[in-house]
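According to TrEMBL, the features are:
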| type | residues | note |
| --- | --- | --- |
| TRANSMEM | 25-47 | transmembrane segment |
| TRANSMEM | 184-203 | transmembrane segment |
| DOMAIN | 219-329 | domain 'P-type ATPase A' |
| TRANSMEM | 348-368 | transmembrane segment |
| TRANSMEM | 855-875 | transmembrane segment |
| TRANSMEM | 896-914 | transmembrane segment |
| TRANSMEM | 934-957 | transmembrane segment |
| TRANSMEM | 969-988 | transmembrane segment |
| TRANSMEM | 1008-1030 | transmembrane segment |
Amino acid sequence: MSYRVNNAEIEGQHPLIKVTPVRFLRIRLILIIIISIITGCMFALALRWSKKLYNWFLFTPCNVEETGTHYRVDTQNGQQFTLEKQQMNGIYYFTFRLLKYAFDPKTQCYQPIEFETDGKIIKDIIANRNVLTQNLKIQYYGKCQLQIPIQPLAEFLFEHLTGPFNILQYFAVAVWFAQNSITFPILILAFTAIAVIVNYILYRRSRSLLQKLANIHQNVILKDDTLRTVNGSELLPGDYIILQEGQQLNCDCAILQGDVMVNEATLTGENVPIPKTSLPDHSAKFNFESLNQHCLFEGTSIVKVNSTTENVAIVLRTGFSSLRGQYFRNVLFPAPPSQRFYIQAAKFILTFATIIAVVYGFMLIKYIPMEFKTSLLVLRFLDNIVWSIPPSMPIFFNICKTASLIRLGSIGINGSNADKIESAGRIDTCCFDKTGTLTTLGLKAIKVWTHDQSLEQIGNYILACCHHLLLINGELQGDPLEIEMLNFIGWKINFEGKSFFSVKKDQQEFEIIKIFDFSSARQMMSVIATDGTNFYLFSKGSPEMINQQSQDKKQVVLDEVKKYASNGFRVLGLGYRKLNNNQLDLQREELETQLNIVGIFVLENPLKDDTPQVIQILRKSGLDIKVISGDSPLTTIYCAKISGIIDLNSEVVILDYNSSKRQIVIFDNDNQTNYDENAIENQNLIEQIIQNPKMTSITDTSLSMTQNNSSNQIFSDNNSIEFDDTKMKEMTKKLISKTRVFARQKPEQKKQIVALLQEMGRQVMMTGDGANDCSAIAQAQVGISFSESDASYTAPFSSKSTSLKCCIQVLAQGKAAIMTIIEVFQYQLSVNGIKFAAVTIMFLEVQNFSEFQTVYVGFISNIPLLIFLCISSPATELAEYIPLDDQFSYQNQIQIYTNIFFAVLGLCINYGILTTTDRYFEYSKPIEKFQREGYLNSIMFLSLMYYFMSFGVSIYISNPFKVKYYKNILLTLWTTLGFVVAIVSFIFPQRATWCDVIDIKEGTFEGFNWVVLAVVIGTSFLGFFSQALLQRYIPSMYKITHTS
């Protein structure tokens, strides 16, 4: 029986969907041991590799929760895990990704174990904070610290040395040892061991760095009946702590008494002091999002506290349940990478192995009459299988990705997940946040506009007073907008002897006696100020909200707002009201009504210097570019136009939804059309917008399409329309696909937009600069952050520079890495194919490679070439194509088979040439061993020396993803050296010393060495020329296209 999960906010990006109690079948464990012994442990390994087989064979579902020994859990992204059932204080639970889950009998659901606050009455939370004893709290919630798990070396080695390719490698080594080959298998094992150990060193270094970032070591003052100092790691949910200046919080908490100024740069990336006040109403329900202004989060630094009272907070979340802990869980448990490349590669390898087996079976017609010992034929068959599936392939794939991360790191872009390099090479859609990403974080004041000249002075009063700036260490700090606002009007601010501050210019002075900080719900902030005679409420915020709360609404103000917003300016509404003495203690909701609207304050948020250039490059490469912002529609649209996301002269239709009136609203230039909500009519309306661009713009649509060869752009506001039926959902996806500009989007909505794009098969990159982008960044296939906060560390890529060029560099590295992985795959299959052909031919004269020759063709020539190939750099320009990483596609298959065909043709011709001479090897029957030296052996080996280098050249595809071949200096030098050694060996085979080194029989080419060399060079050229033609007419890449 399965149970649903009552999801909680602390799960973050890793919610569970379903939990099924299961029972471990001990009798089957005995069966596993027996079958594993019979199969040489292969069955045990199969259980390790396949979670489905493991779960099916060892566990059976239970109807009663108590009878289970384990839990089978299903995640949101379709993964399934079996977790051990544990017990504490009589409660059964399991741990999934560092969070504990337990069954709730009341709701008949599983849920994370947490100090419950969401939706609870605040005074009840306080009253019940110590219902559990300290020991039980420690058991339930753990320590107040982020302990990053580090896998032990033995466990890491077991995991990375028992994969399918590793088992194949061990099988290959056993076969080679059985054929009396010693040096080569030992080198392969050593190379694998070194690679795994290096990976472990890099893994530990990465986890150690993460632990350093997670650590917050400090003492805190705990308030019980008395005050006592404890280590911060000892804090538990429900504890009272005293907030102090300079303290960095290691928990999430809510302020019960006092008020503080904090710096949330580690969460948002913005180094701005933010005021936080105590919870105003303890009879209200608690929610972190709605009461954010009264909550403090782990990683936050306290820069100032209220010195007139004791500042007390209650601890609510600790460890990995905190907001910061959720960020680190995202790093520790990234979304699983796409396995498409490896699945298709496996299909090709199986096909390739089948072809080799068939060819070998055909050759048995020749071998059996020669009276080979049966063991030789069996070992040769097993050797063929090994060569058809290169066991070292994954090592070189990892080298490709690691090299890309190193190159990015050298230019200030930190990558935390090598698999994301592959994902970056497949991106076809780029989404950007606006402020701090496309634009700078800085603001420049432009003007104050009032609807009546007589109000200009009032407008200045509002700008002078309506802010919450602080003096910290002699420096004015706060919201950059408010600092710019104060500097713009030129008033002086004074903090000495004031509860808050006073401002003065000439003979006019105001003192601030109360501050209502910005509320996202009310979309404004206000202060109460006095000039010594009268009291005033000064407000600033959303122009629409200020106008809505005014007693005399002014359409002229909204018209002016539209004019400036349409030109990309940020606009704040200004309002005020005069207060009586008996109104000073009224609630905020009562005060912020009956305002007098004054006008607007206009600021400019300029683009980053390189934004238009980067956007142009991205669009030129065929990528679909979208901006997803929390800013107003008109401002975001203007930003999209001047940055080049949409064409400057494009007509833009704004699609909105009025939830209060339940109407779809379409803005087209200055025209507004409202449509009452009706399921059928709404479907028709959305479908018309998608299919017929003229419906979105009455006048200039057809002209815009003709001139710009594009349809109108569609904009959707934050009031998202939810559709239940399948048809409307599909139309919504198409609308999202068509839309370029999204405005006033909340963090969760940003994530939803990315998810909808992914449902349409899009490969999405999300770029942002703060915590409000984290959900979308985590959802996207690739995420890039600019800030140096903990939130940015959770992004796969984080740029130290604020330049948008990092997007181009990540995408270019990704495309180059995928192309190189394809080349590594093709090279290894090609060389193994012709090695099989060479040995198959040599069998006709009972010959095989010598020990040195085996090491040379399997290690000395190939390994350096593959390593140098793996470190190929990307092209300087971003390609409008994506590498075709489907190895089972005919484009990629034909390239491999073309390489093999011409090389095998050359080997057969040279064998034919040899048969025209009298250089035959005499052998006796039955054949019990191979000769490791001979004329045919020498011809095959020297031919392979040349072909292996020629393959390195022919499979290398520079245009349009990578630098030219000759710019990869190490690869060029190595292949040149390989060509020289091969040619010299062909031309001067009589050099006795050199012949002894490479085990070449003297006199092999006497009289026809130039002919054999000409055949090798000629067939290599034909292979190279064929590859060039194939890349021109049926390239292994595809152009970026966008479908809805």
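Cβ atoms here come from the backbone N, Cα and C positions, even for glycine.
Cβ atoms under 8 Å from those of the transmembrane segment (969-988) belong to residues 861, 864-865, 868-869, 871-872, 942, 945-946, 948-950, 952-953, 956, 994, 998, 1000, 1005, 1009-1010, 1012-1013, 1016 of the same chain, restricted to positions at least 6 beyond its ends. With DSSP classes pooled into helix, strand and coil, the tally for the domain 'P-type ATPase A' (219-329) is 20 helix, 44 strand, 47 coil. Between the transmembrane segment (934-957) and the transmembrane segment (348-368) there are fewer than 3 Cβ pairs closer than 8 Å, counting only residues 6 or more apart in sequence, so the two stretches are not in contact. Among residues of the same chain six or more beyond the transmembrane segment (348-368), those with a C-beta under 8 A of the stretch's C-beta atoms are 377, 380-381, 384-385, 387-389, 829, 833, 836, 840, 843-844, 887-888, 892-893, 896. Residues 183-184, 187-188, 191, 396, 399-400, 403, 407, 812-813, 815-816, 820, 823-824, 827-828, 831, 835, 849, 941, 944-945, 948-949, 952, 956, 958-963, 967-968, 970-971, 974-975, 978, 998 of the same chain sit 6 or more residues outside the transmembrane segment (855-875) yet have a Cβ under 8 Å from a Cβ within it.
Residues of the same chain lying 6 or more positions beyond the ends of the transmembrane segment (184-203) and with a Cβ under 8 Å from any Cβ of it are 151, 153, 156-157, 160-161, 166, 169, 172-173, 176-177, 391-392, 395, 398, 402, 851, 854-855, 858-859, 863. Taking the domain 'P-type ATPase A' (219-329) as a whole, pLDDT averages 88 in the prediction.
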